[in-house]
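Participant: The following block contains the structure, expressed as structure tokens.
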Amino acid sequence: MQGCNIGIGSEKKLYRDIPTSHTLNLWLSVSGIMFNTGVGQHILKNPLVVNGIIEKAALRPTDVVLEVGPGTGNMTVKLLEKAKKVVACELDGRLVAELQKRVQCTPLQTKLQILIGDVLKTDLPFFDVCVANLPYQISSLFVFKLLLHRPFFRCAVLMFQREFAMRLVAPPGDELYCRLSINTQLLARVDHLMKGRLIRCPARPPLVLAASNTDPKHCLNHQKPPKTPPKPPKTPPKLPKNYANH
């Protein structure tokens with residue numbers, strides 16, 4: 001990706017790489033769940049950030065919400081309280097089990113649908129709003145998968161590493177403005193909403209989180225359809241006869 005250190009190609013390669021044994025040993029225990037930092041697993045540290053994201057999503061009682069990376073379900077429970085239905089996409093079966101425990105035998109259980117698998121390889125269902133806490137290795141890949149999704153959704157509140165989020169919202173002329181900025185802003189209106197902190201690994205400093213709001217642009221062709229070319233005038237019946245006589 002020209003003019004930008006973060007590109008679709010490099011992120012795709014990182015996502016497919018097999019983590020080393022050292023990376024696999026970097027675990028974080030939160031509420032009894034061991035998080036694998038080798039595939040970018042992380043959780044929000046500040047519950048106020050979760051509440052802020054819910055507020056920015058401006059959910060309606062009739063909304064279907066797509067949540068990518070529900071983790072232990074801290075945000076999922078709040079989404080279920082606000083929306084008609086939540087479709088949660090999670091790759092880690094351990095986190096799926098934890099999420100199911102949180103809503104088991106509650107009125108929220110019937111409102112939750114869980115898709116187990118890689119979101120990049122999953123056909124996304126219909127949804128009105130998307131809320132995603134993404135592994136950083138697939139940030140750009142998911143952004144474009146989301147923006148090319150049809151039918152159109154109303155908005156998305158996405159959580160990225162701050163450097164990536166700043167590239168998404170960089171205006172023309174900014175030093176961070178790159179092809180990622182151009183392509184994203186061509187398809188959507190992107191706003192930077194907030195900053196937060198998350199837990200990733202004790203051996204590394206907490207990463208800064210940035211939430212961005214993405215409203216897809218409904219591109220319509222306002223050009224008038226081309227007019228049908230006029231039919232050629234009919235040849236008067238006398239012309240062929242006159243031409244033959246001369």
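Placement of Cβ uses the backbone N, Cα and C atoms for every residue, glycine included.
TrEMBL annotations: computationally assigned, not manually curated.
Since the structure is predicted, the reported quantities are computational estimates derived from the model, not experimental observations.
Take a look at what TrEMBL says about it:
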BINDING   HIS42, LEU44, GLY69, GLU90, ASP118, ASN133  S-adenosyl-L-methionine binding site
DOMAIN    49-202  domain 'Ribosomal RNA adenine methylase transferase N-terminal'
REGION    218-246  region 'Disordered'
COMPBIAS  226-239  compositional bias 'Pro residues'
Participant: What mean pLDDT score does the domain 'Ribosomal RNA adenine methylase transferase N-terminal' (49-202) have in the model?
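Facilitator: Result for the domain 'Ribosomal RNA adenine methylase transferase N-terminal' (49-202): average pLDDT 91.
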Participant: Among all the protein chains here, how many other CB atoms are within 10 A of the CB of ASN133 (S-adenosyl-L-methionine binding site)?
Facilitator: 24
Participant: Within its own chain, what residues at least 6 apart in sequence put their Cβ under 8 Å from the Cβ of ASP118 (S-adenosyl-L-methionine binding site), listed in sequence order?
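Facilitator: For ASP118 (S-adenosyl-L-methionine binding site), the qualifying residues are LEU91.
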Participant: What count of other C-beta atoms do you get within 10 angstroms of the C-beta of GLY69 (S-adenosyl-L-methionine binding site), across all chains shown?
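Facilitator: Other Cβ atoms within 10 Å of GLY69 (S-adenosyl-L-methionine binding site): 24.
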